[in-house]
Amino acid sequence: MDALAQMHFTTIDYVIFALLLASSMGIGLYYALSGGRQRTTQEFLLADRSMSCLPVSLSLIATFQSAVAIVGVPAEIYTHGTQYWFIGCAYILGLFIPAHIFIPVFYRLHLTSVYQYLELRFSKPVRICGTVTFIFQTVIYMAVCVYTPALALNAVTGFDLWGAVLATGLVCTLYTTLGGLKAVIWTDVFQTIVMFAGQLAVIVVGVQQTGGVAEVWRKVSEGNRISGIDLNPDPTVEYTFWTLGVGGVFLMLSLYGVNQAQVQRYLSAKTERDAIMSCYMVFPSLQLALALSCVMGLVMFARYCGEDHFHNLGVLSKNEMVLYFVMDMLQGLPGLSGLFISCLFSAALSTISSAFNSLATVTMEDLIKPHCPSMTDARATLLSKGLACSYGLLCLAMAYLTHLMTDSVLQTAFKIFGMVGGPLLGVFSLGLFFPWANSTGALVGLGSGLAMAFWVGIGSIVTSTSGGLAAVSQFNCTAVQLSGNITTAMGTALISTAMPTATHSRPMGLQRFYSLSFMWYSALNSFTVVITGLVVSFLTGPMKAEEVTPGTLYPLLGNMLFFVPDKLKQKLCCVTPLGHGPTIQECPPAQHERNGQAVYTEERQSFLLTSHTPVVEHETAL
């Protein structure tokens with residue numbers, strides 16, 4: 001951090017940063033003291049299902065676009081070139097599939113916790129296992145999200161690192177606990193605007209100081225940082241079109257399809273149509289966020305390639321490179337450093353607050369309420385607030401472990417999503433698409449997926465020889481400052497050596513298996529769950545048509561086998577036609593219909609979650 005030692009905040013920077021924290025707190029207090037004052041679990045956890053698609057979509061992007069991405073993506077572009085940009089291709093299917101498969105199923109079941117689906121489809125043990133897995137994933141990821149902006153604040157102000165961690169966590173915990181999901185969503189909207197403004201300010205100033213757009217393009221082109229499509233099928237290569245464009249789809253599905261933090265936002269929408277539209281509206285925002293991060297990485301490369309400053313980046317980890325670049329660019333411009341740090345904190349606070357609220361939701365709905373059915377709503381709301389606060393404190397404690405990691409924060413985040421989110425995607429896919437899958441198959445499948453995930457993940461850590469430092473020491477950009485009498489050919493030759501020249505031997509055997517790109521983790525682990533779950537289901541007795549709760553299946557196989565006669569299709573796909581399934585017990589009716597969509601009463605929801613008899617209803621059919 002010596003390279004950052006002389007860079008500090010000015011008074012204006014501190015004022016801008018303080019305004020961000022005060023505004024976030026103010027939004028939380030406003031929703032704590034207005035409306036229903038967060039007195040019911042429906043309002044605290046789901047914002048009374050009253051949100052329109054615009055704030056929901058901005059909250060969805062803010063939840064995904066954390067400080068980890070803002071710090072990590074430019075460093076990856078700087079080091080490896082623009083190949084990472086192809087992950088944008090994965091956003092297409094990664095959002096289209098949740099919009100037309102996951103959202104309709106979950107919204108029509110009128111869930112509060114997405115893991116209630118696992119009980120409706122399988123059994124209570126599957127639901128509990130899914131909930132515990134999600135809690136484990138989210139607490140670890142939140143530790144990374146809390147640590148990243150605190151590291152930035154420590155780097156640019158000299159503010160004590162753990163004091164910054166404490167400040168981040170406490171502010172976020174406070175407004176989440178006070179204002180509930182509605183406060184979380186509206187602070188996300190505010191923080192998204194700050195996030196984009198901070199990144200844009202850095203890019204504009206960086207381009208200007210580098211010599212203009214044309215100069216930036218010349219340097220990154222001559223430095224081989226503009227990548228074409230790499231169709232290398234080797235799954236051990238970190239960034240290729242296949243790992244990003246295909247492996248990235250499974251990563252996106254684990255985030256936008258079955259992650260409680262995202263699904264909770266869909267469920268807070270006024271109507272199913274608003275929920276679907278919010279998912280579509282995320283796409284341009286995600287592409288913009290990706291473009292800003294990638295362009296920042298290119299500008300950073302253009303600014304330092306061939307400069308005396310370049311050796312400073314060689315002693316910094318990937319997590320610190322962007323901070324050095326930002327403070328170097330903005331040092332003489334009061335207020336802009338504070339704006340960028342506010343941008344980082346905005347991204348972090350939005351992600352962390354979403355996680356705290358979702359953790360409180362799944363703990364209350366999946367682990368506490370089933371054992372305390374007589375709990376009053378007021379008591380449940382108070383307990384939910386206590387849970388949100390408790391998880392905030394737990395994540396602060398876990399943040400201490402984050403500074404021990406050797407990977408970049410971006411790679412660490414992807415590994416967490418792949419290792420834990422992948423198996424969760426697998427168990428939901430097993431339930432949605434395969435009617436024969438039973439509870440035993442789901443439990444064994446989830447266990448095998450997690451075992452596979454930790455086998456590969458821990459194996460890669462043990463056998464890895466690469467640390468968190470950027471591979472800048474292999475570059476020769478610092479050799480010469482180009483002068484006017486050096487020929488263009490010579491300049492091109494010097495700058496072209498910026499790409500790493502070292503070659504690595506091809507790993508063999510188990511080491512090659514452990515070298516699998518982390519972008520494939522979600523796909524590998526979800527397929528492990530599905531395949532194992534199906535095999536175990538057939539061995540233990542596949543689920544019968546009359547045992548499947550209507551509304552919990554998506555007719556994927558029925559749509560794919562359109563050429564098969566209906567009678568054979570029904571037998572193969574285990575699909576019970578509407579109105580023909582057995583009804584053993586009368587289900588309490590929906591309270592009312594909202595835009596043609598049935599809305600369940602608490603009595604009806606309780607029935608669906610406790611009854612093991614199937615209920616045929618037109619409202620929940622796809």
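Even glycines carry a Cβ here, placed using N, Cα and C.
Bear in mind that TrEMBL entries carry predicted annotations, made automatically and left uncurated.
Copied from TrEMBL, the annotated features are:
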type	residues	note
TRANSMEM	12-33	transmembrane segment
TRANSMEM	53-73	transmembrane segment
TRANSMEM	85-107	transmembrane segment
TRANSMEM	128-149	transmembrane segment
TRANSMEM	161-181	transmembrane segment
TRANSMEM	193-211	transmembrane segment
TRANSMEM	239-258	transmembrane segment
TRANSMEM	279-302	transmembrane segment
TRANSMEM	322-349	transmembrane segment
TRANSMEM	382-401	transmembrane segment
TRANSMEM	413-434	transmembrane segment
TRANSMEM	518-539	transmembrane segment
Outside the transmembrane segment (518-539), six or more residues from its ends: residues with CB under 8 Å to it: 235, 238-239, 243-244, 246-248, 250-251, 253-254, 411, 414-415, 417-419, 421-423, 425-427, 429-430, 434, 436-438, 440-442, 444-446, 448-450, 452-453, 456-457, 460
Most Cβ pairs under 8 Å with the transmembrane segment (239-258), selected from 85-107, 128-149, 413-434: 85-107
Interface-richest range of 12-33, 193-211, 322-349 toward the transmembrane segment (279-302), CB pairs under 8 Å: 193-211
Considering the transmembrane segment (322-349), which listed stretch of 12-33, 85-107, 193-211, 382-401 counts the most C-beta pairs under 8 Å: 193-211
